Amino acid sequence: MELLCPAGNLPALKAAIENGADAVYIGLKDDTNARHFAGLNFTEKKLQEAVSFVHQHRRKLHIAINTFAHPDGYARWQRAVDMAAQLGADALILADLAMLEYAAERYPHIERHVSVQASATNEEAINFYHRNFDVARVVLPRVLSIHQVKQLARVTPVPLEVFAFGSLCIMAEGRCYLSSYLTGESPNTVGACSPARFVRWQQTQQGLESRLNEVLIDRYQDGENAGYPTLCKGRYLVDGERYHALEEPTSLNTLELLPELLAANIASVKIEGRQRSPAYVSQVAKVWRQAIDRCIADPQNYAPQAAWMEMLGSMSEGTQTTLGAYHRKWQ
């Protein structure tokens with residue numbers, strides 16, 4: 001079972017490798033990846049350094065080019081694939097069908113992974129990608145239950161990757177239109193749930209306000225931790241009561257499911273957080289390395305240690321964790 005960790009910059013990448021990651025996934029410094037934030041991601045020069053460092057440590061580098069090419073910008077996505085392949089990427093994480101075809105034809109020796117943004121949630125979808133693009137892996141959306149994950153693992157020949165820890169999305173990835181509705185731009189096209197140019201923070205007499213395209217998402221009192229400014233995690237007035245109407249800030253944590261994921265032959269467990277700090281990556285990678293090694297050594301007697309859960313809880317959104325959709329008993 002591979003431990004796949006995120007990196008938004010070189011220090012985070014080094015922190016992941018030094019704390020036990022088997023592979024690291026990154027994005028380029030443009031809108032070809034779904035974490036297109038200011039100050040984040042890799043230029044060509046930094047990508048060269050990243051490839052060199054990862055390969056020196058005999059680990060793998062996955063590059064996310066997982067947004068969908070614009071009608072007038074297709075060549076930019078092609079260049080991203082070319083650069084990643086030519087500089088030594090071990091795997092390309094792709095969602096756009098045209099990009100999958102381009103990578104398969106030009107660089108058949110490089111693994112193609114179906115991004116979570118493609119939202120492949122069933123056997124036929126996975127087999128379609130396998131049949132047409134010979135994909136080496138599919139990243140499953142976070143809307144599937146553990147039963148559904150096991151079921152897919154039994155029937156598909158393609159190795160599967162699941163999200164194991166980090167920010168939780170209640171939507172089917174690749175199919176969310178909330179930010180499009182409010183800003184006209186979506187993660188699939190510009191690589192961010194809340195495009196930076198539409199985000200505004202303002203200190204008022206009532207507290208610190210976060211707005212997206214001038215729509216009030218939340219208001220924080222002194223001492224409250226400000227959350228990521230997305231519509232789905234905002235607090236709204238509903239029938240005179242202010243609360244998280246869609247989703248509370250919380251993080252996914254599947255440490256307790258490790259034996260089941262291992263028994264299902266899940267190829268990779270993924271840590272979310274390319275936008276997070278090197279310190280975050282370091283601590284989370286360290287815990288997950290210990291947990292995976294302990295589980296592989298003795299799956300029957302494995303149990304998450306209290307110290308692991310406490311550490312991950314302290315690094316989580318809202319300092320709380322959940323199994324998310326994995327624990328839905330009706331599926």
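Using N, Cα and C of the backbone, Cβ positions are placed for all residues, glycine too.
In TrEMBL, the [4Fe-4S] cluster site is described by C176, C193, C232, and among C169, C295 the residue recorded at this site is C169. DSSP assigns C232 ([4Fe-4S] cluster binding site) to a helical segment in the three-state reduction. The Cβ centroid of C169, C176, C193, C232 marks the [4Fe-4S] cluster site; residues of that chain outside this set whose Cβ lies within 8 Å of it are I170, M171, L178, S179, P187, T230, L231, given in sequence order. Here the Cβ of C176 ([4Fe-4S] cluster binding site) has 21 other Cβ atoms within 10 Å, regardless of which shown protein chain they belong to.
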